[in-house]
């Protein structure tokens, strides 16, 4: 018996819709009851929220397209200003109208202009006889726009006196949206995370035709048993399932096992799933490179010498700042002239290194250094000329916030702040490799 029932739509259409949105029947049923029939007025605004990859965008797109409801779908990240957003809605609205053969760009600077142009765009009989849905995906970006944009969208039905519903899709709750001055309250609908049973059902639907459904379902069960505790993102799990299935099938392809030999199949796939655990959510290497490493029994980090634990995304000059801080922490002050001064003259190594100094600076730990020494080293290792602007100083503060640097002493010191570099040698070598800087040549311990 079908779960979706509505008198305004054919039973075959609802049955097809139910097959397209598995494990979201209750949410779709709620939306159908809210939408009502095509010509009926519905809620002026609907707020749908839930975590990433909980099916919000997919369910709304599938629902509107399957039922052939007139709609406009806009991603607020792509159209990040109010003018771009309003103009994109009007352009898509023109394409919904059958009387308009081609869309034309209409400048829209304010929301008053948008209301006027919106009324003109929905004069066609097709849009007057049924509800128009405006779906704003990633709607949390509306908080970064003008203060009147969000309250105006919530009351668009009242402002235009047209049969229109605005649907907001977001990953955060409504309480973080509500303006301090108050606004019209939308109807809120929550999309919960997929349970392990839901993920099993959804992922098992994508089984290859050359293998049985039970064989692929057993593979998905093994995959979820490994990854469910660390990853519940449906898109990431779909990527992992497609990436590792060929390795799971190898004993069957070679004739060493049949589809029911679960123990042999698990022993074959277990080491590869453990390797894949190190790169969940990461894209250090492409899928084709991962497959080549699987064939060569290599490690993911062997491709570039980086791993998930020794690589972090930083701005270009922040990387050089961190390198300069590491050199200042682990090199004695007297060695700066040797490493960073071009015309320092000839310095004999026997005189340069003290005979009694045998302890490695890396064993003693990082030493504090003043800000002017950090900047002096930075200017000498960066090829381009770097001006001491506020941007550079703000990046130093960001490195302290990220706990890659630590401030030593108090802020009220007269001789300026002093810092320590807190990262490891492997970490700084990985960072230096991304900017083609050989840090070993500049470390005193490796002379």
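Glycine is no exception: its Cβ is also placed from the backbone N, Cα and C atoms.
Taken verbatim from TrEMBL:
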type	residues	note
DOMAIN	21-167	domain 'Orc1-like AAA ATPase'
DOMAIN	216-283	domain 'ORC5 lid'
DOMAIN	314-443	domain 'Origin recognition complex subunit 5 C-terminal'
Task: Structural state census, the domain 'ORC5 lid' (216-283) (DSSP three-state) - done: 49 helix, 0 strand, 19 coil
TODO: Summarise the domain 'Orc1-like AAA ATPase' (21-167) by DSSP state, stating how many residues are helix, strand and coil.
DONE: 69 helix, 20 strand, 58 coil
Task: Model confidence over the domain 'Origin recognition complex subunit 5 C-terminal' (314-443), averaged pLDDT - done: 80
